[in-house]
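Pulled from Swiss-Prot:
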- K111: active site, N6-AMP-lysine intermediate (ACT_SITE)
- D31, Y32, E33, Y34, D35, S80, L81, E109, R132, E166, K282, K306: NAD(+) binding site (BINDING)
- C400, C403, C418, C423: Zn(2+) binding site (BINDING)
- 581-662: domain 'BRCT' (DOMAIN)
Amino acid sequence: MDPKERIKELREKINYHNYRYYVLDQPEISDYEYDMLMRELIELEEKYPELKTPDSPSQRVGGEPLKEFEPFTHVVPMLSLANAFSEGELRDFDRRVREAVGDVEYVVELKIDGLSVELIYEKGIFTVGSTRGDGIVGENVTQNLKTIKSIPLRLKDDVSLVVRGEVFMPRASFEKLNEEREKLGESLFANPRNAAAGSLRQLDPKVTAKRDLDIFIFNLQKIEGRKFKTHIETLEFLNEQGFKIIPIHKKCSNIDEVIKEIEEIRNLRDKLPYDIDGAVVKVNDLEKREILGQTAKDPRWAIAFKYPAERKKTKVLDIIVQVGRTGALTPTAILEPVAISGSVVSRATLHNEDYIKEKDIRIGDTVIVQKAGEIIPEVVEVVKEERTGQEREFVMPDRCPECGALAVRLLGEAIRRCTGLNCPAQLLRGIIHFASKDAMDIEGLGPAIINQLLSKGLIHNIADLYYLKYEDLIQLERMGDKSVKNLLNAIEESKTRDLDRLLFGLGINLIGSKAAQVIAEHFKTMDNIMKAKFEDFTQLPDIGPKMARSIVSFFAEKQNVEIIEKLKNAGVNMKKLSKGKVSNIFEGKTFVLTGALESYTREEATRMIEERGGKVTNSVSKKTDYVLVGKDPGSKLKKAQELGIKIIDEKQFEEMLKGENI
């Protein structure tokens, strides 16, 4: 068969099966058969690149990472909806509508708790997708939206239209994603809506493609060459074109039927596989919508009814303290199990010790618990009239319950944090940070390998990395002879890193790379840093009382001193390497870097400037002398041009390093 014809046939087959699987949930072929069709299409398109088109289903896998999202002005403003929280407010809305246009039919729909987007199709082909933004201008996230398989890349008809929909993440996918993030020591998403928003706004579409996002289309914003009388007709048309439309859209003759349907949706809420935060009421007649019009913020023909967060009464059986991956100690209430929003709740967050004091929460109290989309519900109120006198006050520990290290609460902060390098709760994240590029830069030591090392008991702290042997690493998954030797060489090479890189790698709370440089430059050795007192640190530039307290508390912890000693015994450098200034050619000069540099990393360019007496800052101001511009610069370039700051490229920078054209 002619390649062009075969590609056309494969696209039609894949689009058909995508629709059966992702929209109708009625697959006709196995995953393997589908994968074979997709593989053949990709191979043919690679062989004949001139036949590749933007609407091909092969384009869903995700393109190249973006530097930033481009702003996009919506074809039709994406207005928000006015809210109603009671039956009375719904009846007020109905009265206003009927006063303006007479009796009306309404449509009641689910209000999906996700991220609103606009999709534009030209002659049946998906061309642009954007987030809501401020309602007038959003962000162009077309490449990311193409990875959502329930969004058709080509419609049934060659029609030009604009639709609005809600991108969301099903609860099961959300739970799976958080499980994976927890294993990698990454921060958890608070709820499916946050996960959906974070996933859609990834600069790398390949990340979005892995996140299992879905969409429901709920409104036809604009269409060329066709007319419809009602909202229901538009939904039926969109369904025929291949869109996954909002699953519940009930036509109601009057406000009483609307209120009844909203209550039915409330009862259904917990059984749905995705989150909703209410119901939307819309006028069905499109001509009457035109008459009703809109305010600057919202249409007069629609309103959102928001369900209140469900609250239940239960008892606090105990209060325990959990340690997060950043070392934060969080008090958690152990509750008498109670059913809320479709799940049995047996624990609730108490946030921090101030929250407990403010609410006067005690062990044994009867409390009101609320679940409002968070992973863990929260205690919102104490029923003090039910106290018996047997309740016990809770005292926040000053030692970490996981490792016994000192738990420090810095002045002005609500959170108490563990200072222990050995703390199992924060070990994965701590080692990932220690091995990162700006710290010890151990090439090849990523989260997956660190996870294996920890789970097999081969390491228990950062110092153990320097005692790993060939036979330890060769047993790990995906580690062959060459990769083991490369990793051992990378670990060995990291021993020579400068003192500030090691200090930053320890992950001391509030001590970033810049502060680590200031401290290392002043004290010269790790021993001097460990012996220094609070006031010794506060005298340094850019080191405030909180940072000083944090670093003093860190080195007051015995287990941390032992790990430093272990690092020292392994041969890790503990001194500020005396590089000295290469020259003073940039003395008194301030630089700003913007865009991706080709010849060096930002860190390398920064060091080159500082070694020659210059200073690097993050923002452009009148005090800036030079802006070094790389590929795809951001807004800093524009500001530099407006202020008349000298702009240099890498070639000019290299000439300046030689002492030329300064």
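Residue numbers in this text run from 1 along the chain shown.
Quick reminder: no glycine exception, Cβ is built from N, Cα and C everywhere.
This view paints the features noted in Swiss-Prot onto the structure.
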residue : record                                  : contacts (Cβ under 8 Å, 6+ apart)
E33     : NAD(+) binding site                     : none
D35     : NAD(+) binding site                     : none
L81     : NAD(+) binding site                     : V280, D298, P299, A302, I303, A304
K111    : active site, N6-AMP-lysine intermediate : I276, D277, G278, A279, V280, A304, F305, K306
R132    : NAD(+) binding site                     : M78, L115, S116, V117, E118, G138
K282    : NAD(+) binding site                     : Y106, V107, V108, E109, H231, W301, A302
C400    : Zn(2+) binding site                     : V323, G327, L329, L406, A407, C418, T419, G420, C423, A425
C403    : Zn(2+) binding site                     : C418, G420, N422, C423, P424, A425, Q559
Sort the residues of the domain 'BRCT' (581-662) into helix, strand and coil with DSSP and give the three counts. 27 helix, 17 strand, 38 coil
What's the number of neighbouring CB atoms sitting within 10 A of the CB on C423 (Zn(2+) binding site)? 23
With the Zn(2+) site defined by C400, C403, C418, C423, which remaining residues of that chain have Cβ atoms positioned within 8 Å of the Cβ centroid? V323, G327, P401, E402, G404, A405, A407, T419, G420, N422, P424, A425, Q426
Across the domain 'BRCT' (581-662), what does the pLDDT come to on average, as a whole number? 87
Other C-beta atoms that fall within 10 angstroms of the C-beta of C418 (Zn(2+) binding site): 27
